Amino acid sequence: MYSRGSENLMDTDFWGELKNNLRKAVGEHNFTAWIAPLELDRVKDGVATLTVPTNYAGIYVERNFGDQILNEFGALRGNVRRLVFSVSKPKAAPVQISRSEAGDNAQAGVASPVAPRQSLPQSAPRHGASGGDQDMRAKLERMLQPAPLDPNSTFDSFVVGKPNELAHAAARRVARGGKPEFNPLFFYGGVGLGKTHLMHAIAWELQSANPDLNIVYLSAEQFMYRFVQALRDKKMMDFKSLFRNVDVLMVDDVQFIAGKDSTQEEFFHTFNALIEHNKQIILSGECAPNEIKNLPVRISSRLSSGLVVDLHPTDYELRLGILQSKVDTFRAKHPDLEVADGVLEFLAHRISTNVRVLEGALTRLFAFASLVGRQITMELTQDCLADVLRASDRKISIEEIQRCVAEHYNIRLSDMIGPKRVRSFARPRQIAMYLCKKMTSRSLPEIGKRFGGRDHTTVMHAVKRVDELMVQDAQIADDLELLRRALEA
Ligand SMILES: Nc1ncnc2c1ncn2[C@@H]1O[C@H](COP(=O)(O)OP(=O)(O)OP(=O)(O)O)[C@@H](O)[C@H]1O
């Protein structure tokens with residue numbers, strides 16, 4: 001497509017030549033997949049507008065080949081400073097992605113605000129040019145506007161270790177696409193352990209293999225918000241049709257909708273409709289579906305019907321791996337960065353809360369070191385991160401202890417917390433209560449509450465009993481020692 005209103009320097013030969021140069025620069029495979037479908041629409045005031053088949057293609061091309069395209073423009077005609085992509089088909093409302101905005105954000109290492117605005121489902125109502133219809137379409141678009149994907153959350157940037165290897169393997173498998181094998185795939189685990197990262201990585205992978213796929217990623221809170229909005233605007237039919245026509249639905253933090261009666265019902269219907277049509281669903285939550293409070297069993301058992309995988313708290317090796325990978329990424333842009341021996345090991349040891357805190361600490365260190373132009377030494381680390389280090393002074397949570405003990409004795413968390421009194425559950429439960437008392441600052445009533453609402457006298461009894469057992473039973477003493485070490489790691 002070539003617009004006559006463009007600067008007169010442009011002609012189809014020029015565009016052909018530029019594409020040919022790009023073919024050499026990006027290779028045949030990339031060329032066929034990404035560059036060949038591009039068309040030059042116009043060049044005006046130093047801005048080249050290229051049409052792309054989908055929003056995603058625009059974002060992908062911008063991120064991966066934007067600089068090369070600008071270079072080629074520069075080599076042939078020096079008058080283009082910026083690229084703008086617009087979607088050529090009426091499938092989605094035209095989205096303009098400005099090369100310079102996206103580039104700036106990518107450089108700053110933050111989630112790009114122009115990251116995928118996934119297209120509307122194919123069957124979304126199409127509308128003509130009338131003002132009313134356009135309003136309607138805009139409304140529908142807003143209703144399904146998925147949350148943006150973080151361009152940094154890819155499989156390449158995900159560090160795999162023992163605590164997350166199963167979740168990672170499951171994510172990889174689902175990212176291959178095709179007929180869903182695990183449906184839904186449900187990730188669960190504590191805060192900041194990489195659930196969202198894996199979901200985004202799957203989305204990027206699926207979308208790059210098939211740019212036309214309608215992938216909708218959003219949080220359960222956003223789902224609820226849209227649902228309420230649709231109810232209010234009397235647009236429930238549209239809401240249903242939009243959500244039931246996605247190819248891949250990803251919902252983060254599903255525990256949020258538990259107990260919100262009509263939202264969870266609607267979610268359940270959407271879920272069933274998609275599963276029935278073999279559409280992939282990927283969910284995440286802070287705990288396994290059957291442990292989500294206030295979620296009816298009917299729903300939680302459906303959510304458990306695919307593959308439920310746990311992301312365990314990070315261990316020292318994984319934290320160190322993540323730190324090293326972040327340093328490598330940062331060093332690629334700032335080759336002068338120097339990190340003294342022992343600093344990363346120190347951080348991996350001291351900051352064990354969650355990866356988000358670890359990342360934040362490192363980002364602060366990088367910023368500080370580059371501002372003052374100094375090497376990152378142990379001394380600078382301790383000065384600069386004094387508050388983070390204080391806050392991270394090993395605070396072990398009741399949940400962590402419960403998980404660790406449940407795993408050690410090979411029982412389910414729900415059985416440890418649940419009402420059953422058989423010895424195979426009761427003993428680990430007492431041990432976990434004992435460790436909660438010894439390793440956290442929680443009171444007996446607080447601990448009892450977290451063990452299925454038990455009374456503080458039950459906790460008191462457990463502590464006394466385990467104290468006795470430690471003397472009488474060498475196996476229990478060994479178990480406790482092992483558990484303590486695992487929790488303190
Ligand atoms: N294994 C990993 N490798 C690299 N980065 C990771 C890894 N795990 C987590 N991160 C990073 O840590 C940060 C927090 O991860 P993420 O948002 O995916 O956590 P989450 O489990 O979804 O947490 P929440 O429950 O709070 O939503 C992100 O920046 C993510 O990229």
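Quick reminder: no glycine exception, Cβ is built from N, Cα and C everywhere.
Any TrEMBL annotation is an automated prediction that lacks curation.
According to TrEMBL:
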type	residues	note
BINDING	GLY192, GLY194, LYS195, THR196	ATP binding site
DOMAIN	181-314	domain 'AAA+ ATPase'
DOMAIN	397-466	domain 'Chromosomal replication initiator DnaA C-terminal'
REGION	1-93	region 'Domain I, interacts with DnaA modulators'
REGION	370-489	region 'Domain IV, binds dsDNA'
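What TrEMBL annotates, mapped onto the structure for a quick look.
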| residue | record | Cβ contacts under 8 Å, 6 or more apart |
| --- | --- | --- |
| GLY192 | ATP binding site | THR353, ASN354, VAL355, ARG356, VAL357 |
| GLY194 | ATP binding site | PHE158, ASN164, ALA167, LEU311, VAL355 |
| LYS195 | ATP binding site | ALA167, PHE187, TYR188, GLY189, ASP252, SER284, LEU311 |
| THR196 | ATP binding site | ASP150, SER153, ASP252, SER284 |
Could you check what DSSP calls THR196 (ATP binding site) once collapsed to helix, strand or coil? helix
Neighbours of the ATP site GLY192, GLY194, LYS195, THR196: Cβ within 8 Å of the Cβ centroid, same chain, sequence order. PHE187, GLY189, VAL191, LEU193, HIS197, LEU198, SER284, LEU311, VAL355
Across the whole of the region 'Domain I, interacts with DnaA modulators' (1-93), what does the mean pLDDT come to? Round it, please. 73
Which residue counts does DSSP yield for the region 'Domain IV, binds dsDNA' (370-489) in the helix, strand and coil classes, in that order? 89 helix, 1 strand, 30 coil
By DSSP, what is the split of the domain 'AAA+ ATPase' (181-314) into helix, strand and coil residues? 66 helix, 26 strand, 42 coil
